[in-house]
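As recorded in TrEMBL, the features of this protein are as follows:
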ACT_SITE  GLU254  active site
BINDING   CYS102, HIS253, HIS257, HIS263, MET271  Zn(2+) 2 binding site
BINDING   ASP193  Ca(2+) 2 binding site
BINDING   ASP212, GLY213, ASP232, GLU235  Ca(2+) 3 binding site
BINDING   GLU235  Ca(2+) 1 binding site
BINDING   ILE344, ALA389, ALA434, VAL483  Ca(2+) 5 binding site
DOMAIN    140-298  domain 'Peptidase metallopeptidase'
REPEAT    383-429  repeat 'Hemopexin'
REPEAT    476-523  repeat 'Hemopexin'
Amino acid sequence: MIYQISPDHHNLRHSSAWIITVLVFLKSTVCTPVLTEPSVSTDEAEGFLEKYGYLSHLHLDSDSRSAAEFKTAVSEFQWMSHLQVTGQLDTATLKQMGTPRCGVKDEGSHQVWVQRVNDVFTGKMSSNGPRTRRKRFAQPGEKWYKRHLTYRIVNWPRHLASGSVRLAVRTAFQLWSNVSGLVFQELPEGHTDIRLAFYEGEHNDGAGNAFDGPGGALAHAFFPCRGEAHFDMAERWTLNGQKGHNLFMVTAHEIGHTLGLEHSPVRHALMSPYYRKLGRTLVLSWDDIAAVQQLYGKPLGVQPLRVTGQVFSSALQEWELADVSEGGSGPARPLYCQGLFDAITMDQNQTLLVFRGNVFWTVSAEGNISGPFALQRRWPNLPLGIDAAAFSLLDSKWYFFKGKRIWRYSSSVLDAGFPRMSTDLGFPRHPDCAFYYAPLGHMVLLKGSRYSVLNLVTLRSEPYYPRKLADWTGVPKGTNGAVTRPDGLLYLFREQKYWMFDPLKVRVTRQGQWSGELEWIGCSSRTQQDNNIL
Ligand SMILES: [Zn+2]
Ligand SMILES: [Zn+2]
């Protein structure tokens, strides 16, 4: 993050305008905690229980539904979700209903699971044995009666390179073939057993299956032999630790359904109905493996192989580093130009750095683009997929934020005592973005509808913060990066849009699409041509 301090020392009129504004804000507002976690209302809870198969749709008039029936449904949901089973719609239950999940019903999952555990303990793990009859999401069908299955990716999510998506999908199928008797093959066209497609809203499989935009139901799939897995196009899909929902994890889960697997009540199972982040641990739990082997047996002639999230992350990093240029012979257009990055900042040489997943790119003051470079080669021990990054001109140090922690580097050397816990220092976890802000002389962290001010000398949050984001007139919530340009203007980014904040006017004065309009970001065709001439 940079702010050209030197030529502007006499510009006190503007600085004091800012300070006065801040003081007025300080007087007029009292901070109140905000509820940021999604939750459903008591009224919505009944619809949720119907949608996910805990209550039947038979009663059009909800008054005719007995209280006992409702309580049973709530209890069953609580059991499946590892909540205290009370049968009451308490806060924890309503909050759980609001968390991102798979759109497939949980109906019948409990009975199937009880049967599976029973079979595991009585040694009846047969791939051909009779199964409990289940009520299904789509047409009944037990399983595929062949071991070699083909699949096709029908269309693609926005903002992800098709090479990376293809690798993620292939790896997701491999998770299952590694531990079962199944073999998968991708076909680029024609009929395939399984098809993966992205849709928005209603998409011709019933009003109940219409997608609901970001959050809520992320994807759903049909049991054999329909072979369809659908993903909500409106989600912010990511791979490898970026902000949003990890497409690899969700694909692996939905493939489980296309193979005939129900939801699992085991907390860390891939087939749990709730979204799980890609971690470093094993992707498949014992229960996922038991379920797929019950249908298709063990892998033929080889030991089952279990993959960790770390292995997938490393494979994707290598892939992304190798997959620099897309689309032909012209100059490489950096991958971030497709619309998403994790963080952005500018160093003392006015070189722009754009971070995404495991890698970063640089755009020099002259417009030369380089990268991607591996994040951890420049900043050893930094985690992948950072939340925010900022270079501070005050102390010439790099600050990185991820989850609960903050890292500080002098050049490429991690400063002693880091990483530190953000909560110990009084600022929020998972900040949306961070930038050094010269008018305040401090680092600013935005998070949801609030912002904090971090004193870089004391490394503590300044008093009277966090405060409301509304202080920054026109700045939206949920920005993924912010950078101050040498002219002092602050640019904030969210997905494809940018907002230009003028510190002198203390408001956003321009907004638009960054990849086409901001030449200095390294994506416009004019920049590319200039590069050629240079
Ligand atoms: Zn599911
Ligand atoms: Zn669908």
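Here the Cβ of each residue, glycine as well, is placed from N, Cα and C on the backbone.
Recorded features from TrEMBL, shown on the structure.
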residue : record                : DSSP (3 states)
ASP193  : Ca(2+) 2 binding site : coil
GLY213  : Ca(2+) 3 binding site : coil
ASP232  : Ca(2+) 3 binding site : strand
GLU254  : active site           : helix
HIS263  : Zn(2+) 2 binding site : coil
MET271  : Zn(2+) 2 binding site : coil
ILE344  : Ca(2+) 5 binding site : strand
ALA389  : Ca(2+) 5 binding site : strand
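Taking CYS102, ASP193, ALA434 as the candidate binding-site residues, the subset whose CB lies under 6 angstroms from any atom of ligand 1 consists of CYS102. Its Cβ placed at the centre, HIS257 (Zn(2+) 2 binding site) has 25 other Cβ atoms within 10 Å. HIS263 (Zn(2+) 2 binding site) sits 10 Å from the residue listed as 'active site', taking the CA atoms of both as reference points. Listed in chain order, the residues near the Zn(2+) 2 site other than CYS102, HIS253, HIS257, HIS263, MET271 are VAL104, ALA221, GLU254, GLY256, LEU261, GLU262, SER264, LEU270, SER272, PRO273, each with its Cβ within 8 Å of the site Cβ centroid. Note: the CA-CA distance between HIS257 (Zn(2+) 2 binding site) and GLY213 (Ca(2+) 3 binding site) rounds to 22 Å. Rounded to a whole number, the distance between the Cα atoms of VAL483 (Ca(2+) 5 binding site) and ASP193 (Ca(2+) 2 binding site) is 47 Å. The binding-site residues examined here are ASP193, ASP212, ASP232; by Cβ neighbour count within 10 Å, the least packed of them is ASP212. Here the candidates are the recorded positions ASP212, GLY213, ASP232, GLU254. The one whose C-alpha lies nearest to that of VAL483 (Ca(2+) 5 binding site) is GLY213. The separation of ASP232 (Ca(2+) 3 binding site) from ALA389 (Ca(2+) 5 binding site), Cα to Cα, is 29 Å.
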